[in-house]
Amino acid sequence: MSSGHFFQGHWCDVFKCTMRCLSCTHTLSLVLCVLALTPATLEAGPETLCGAELVDTLQFVCGDRGFYFSKPTGYGPSSRRSHNRGIVDECCFQSCELRRLEMYCAPVKPGKTPRSVRAQRHTDSPRTAKKPLPGQSHSSYKEVHQKNSSRGNTGGRNYRI
């Protein structure tokens, strides 16, 4: 075997070994990264909701119906269990699902339909002041109070001096 062929073969073996080591290093790094990130994703299962987050979520889920912090008696499948558990016990101290949140929504009131835009404009418009009819005097409370106090009228109250 010639020395040139030996060095060429040796360098090929070294190169292959180096590539394998680099490949192993990359693979090991990738595996370590995945393992480092995996526990965070496994632990991040269902969340707990407390305080303002719980209220905001209930408002979103229940909408215009409103919600209760404790279930009304006889409401929902857990009415047979103890009645002292509320939404905080069920969703703040442990995780809860959407179904559990919906159990705390107030029931839909029958016959209550959203107002139409036309009705809203009509009922929400500012009231105009009524004009007194001819021959009637329209005095404000301030004017009446000033008249009564100038006459010495105390409104039925007796004052001693």
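Heads up, the Cβ atoms here are built off N, Cα and C, so glycines get one too.
Region 'A' is the annotation Swiss-Prot gives to one range among 2-22, 86-106, and that range is 86-106.
Per-site Cβ counts within 10 Å over the disulfide-bonded residues C62, C92, C96, C105 peak at C96. Ranking the disulfide-bonded residues C50, C91 by the number of CB atoms within 10 A of their own CB puts C91 at the top. Across the structure, C96 (disulfide bond) and C50 (disulfide bond) place their CA atoms 11 angstrom apart.
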